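To keep things clear, I will list the structure first and then write my remarks on it.
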Amino acid sequence: MTNIRKSHPLFQNLNDSLIDLPAPSSISSWWNFGSLLGICLAIQILTGLFLAMHYTSDTTTAFQSVTHICRDVNYGWILRYLHANGASMFFICLFLHVGRGLYYGSYIYKETWNVGVILLFAVMATAFMGYVLPWGQMSFWGATVITNLLSAIPYIGTNLVKWIWGGFSVDKATLTRFFAFHFVLPFIISALFLVHLLFLHETGWNNPTGIPSDSDMIPFDPYYTIKDMLGALAMVLALLMVVLFSPDVLGDPDNYIPANPLNTPPHIKPEWYFLFAYAILRSIPNKLGGVLALVLSILILILMPLLHTSKQRSMMFRPLSQCMFWLLVADLLTLTWIGGQPVEHPFIIIGQLASILYFLLILVLMPITSIVENHLLKW
């Protein structure tokens, strides 16, 4: 008799995706982050669901409802901090996942890559709207500044901003709709996640060498289930360390001050995971130019398959391209640091140079380096 997991229509897909899935024998720990992102999403949906039971999306009570969750609800404090720091863990895994894709040439699978870029945008939108919900000073002013950027769109900009706000400023209508979108978007992300997996299983997995591994496959279970469980254990341990020992280390102290439209904080900045894009936005003196650069800093990932000029897929055997890749990583870390600094000398010029280098590396230097390597290898 056939095993039920192989014959039952409900379990068949799960079996083909998680148990009998053929996987390359050479994939390293850099391939763990896909499963970690799935776990992060599950943590965020579960903690978010329980937080939503106690949260009120009204400007007069939102801040108090978050305080109530932390003080009066049973284990409300751990739910709140798991959710807030879980978002940071989500983005750490996300950036490492994208970085691995860039390093090992995973973007050659165009459909999987493009769905991944859409997922990145969806997660960023969800995180931004979630940051507005506690209705602290940084929530309010962050929402005001970022939504105001849409007014840079010619002709329709001003009306578009008022339409998103639901009035003439960020107020009750804005908070209510942001809560609604923040609640529904994770489920849309879950659907996109399944589409991402669907395309991945159509093509099969890449591996560190970038060479097709059809002749050397092993079943996903037990080898990679154990490996993923170890990664998940390490991630949950790191998350709990932050939540239980220093839950506010990644937050902004200004967000413990209730939102006040009459008092602007001295330095408005988003959460740490948006700082690199925020630094690029600020480095351009023109409003529309800054907004375009902000969008392109993420959208540029769509162009990666077109910018791939190397005859090899992976960077594993390409030392010059590796130098360029790590220069890009260093540049992004510099941008993250600059995004958290005030707009004054010397941070302005450092941010501008780092922004130019970011686009220069991706659009010019990395493709040229790949062509040089092809010639050096006489390909």
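The backbone N, Cα and C atoms fix where each Cβ goes, glycine too.
Reduced to three states, the DSSP call for HIS182 (heme b b562 binding site) is helix. Look at Swiss-Prot and you will find HIS83, HIS182 tagged as heme b b562 binding site, backed by similarity to another entry.
What Swiss-Prot lists as heme b b566 binding site is HIS97, HIS196, and the listing cites similarity to another entry. Its own atom aside, the Cβ of HIS196 (heme b b566 binding site) has 21 Cβ atoms within 10 angstroms in the protein chains shown.
The annotation ubiquinone binding site is assigned in Swiss-Prot to HIS201. Neighbour density for HIS201 (ubiquinone binding site): within 10 A of its CB lie 15 other CB atoms from the protein chains shown.
Proximity of distant same-chain residues to the transmembrane segment (33-53), defined by a Cβ-Cβ separation under 8 Å and at least 6 residues beyond the stretch ends, is recorded for 69, 76, 79-80, 82-83, 86-87, 89-90, 93-94, 96-97, 100, 182-183, 186-187, 189-190, 193, 228, 231-232, 235-236, 239. Feature annotation from Swiss-Prot assigns transmembrane segment to 33-53 (among others); the stated evidence is similarity to another entry.
Tertiary proximity for the transmembrane segment (77-98) is limited to same-chain residues at least six positions away from its ends with a CB under 8 Å from its CB atoms, namely 30, 33-34, 36-37, 40-41, 43-44, 47-48, 50-51, 66, 69-71, 116, 120, 123, 127, 130, 235, 238-239, 242-243, 247, 250-251, 271-273, 301. Residues annotated as transmembrane segment in Swiss-Prot, with similarity to another entry given as evidence: 77-98 (among others).
According to Swiss-Prot, the feature transmembrane segment maps to 113-133 (among others).
Per Swiss-Prot, transmembrane segment is recorded for 178-198 (among others).
Under the heading transmembrane segment, Swiss-Prot lists 226-246 (among others).
For 288-308 (among others), the entry in Swiss-Prot reads transmembrane segment.
If one looks beyond the transmembrane segment (320-340) by at least 6 residues along the same chain, the residues whose Cβ comes under 8 Å of a Cβ in the stretch are 99, 102-103, 269-270, 272, 274-280, 282, 310, 347, 350-351, 354-355, 357-358, 361-362, 365-366, 369-370, 372-373. According to Swiss-Prot, the feature transmembrane segment maps to 320-340 (among others).
As annotated by Swiss-Prot, transmembrane segment applies to 347-367 (among others), with the evidence given as similarity to another entry.
Secondary structure at HIS196 (heme b b566 binding site), taken from DSSP and collapsed to helix, strand or coil, is helix.
Across the structure, HIS97 (heme b b566 binding site) and HIS83 (heme b b562 binding site) are spaced 20 Å apart at their Cα atoms.
A straight line from the CA of HIS201 (ubiquinone binding site) to the CA of HIS182 (heme b b562 binding site) spans 29 Å.
Remark: HIS182 (heme b b562 binding site) has GLY48, THR126, MET129, GLY130, LEU133 as non-local neighbours, by Cβ distance under 8 Å and separation of at least 6 in sequence. Listed in sequence order, GLN44, THR47, GLY48, LEU51 are the same-chain residues at least 6 apart in sequence whose CB falls under 8 Å from the CB of HIS83 (heme b b562 binding site).
Long-range contacts of the transmembrane segment (178-198) within its own chain (CB-CB distance under 8 A, at least 6 residues past either end) are made by residues 17, 37-38, 41, 44-45, 48, 52, 55, 57, 112, 115-116, 118-119, 122-123, 125-126, 129-130, 132-133, 143. When Cβ-Cβ distances below 8 Å are used as the criterion, the transmembrane segment (113-133) is approached by residues 55, 57, 62, 66, 87, 90-91, 94, 98, 101, 106-107, 139-140, 142-143, 146, 174-175, 178-179, 181-182, 185-186, 188-189, 192-193, 195-196, 199, 270-271, 273-274, 298-299, 301-302, 304-305 of the same chain, each at least six residues removed from its ends.
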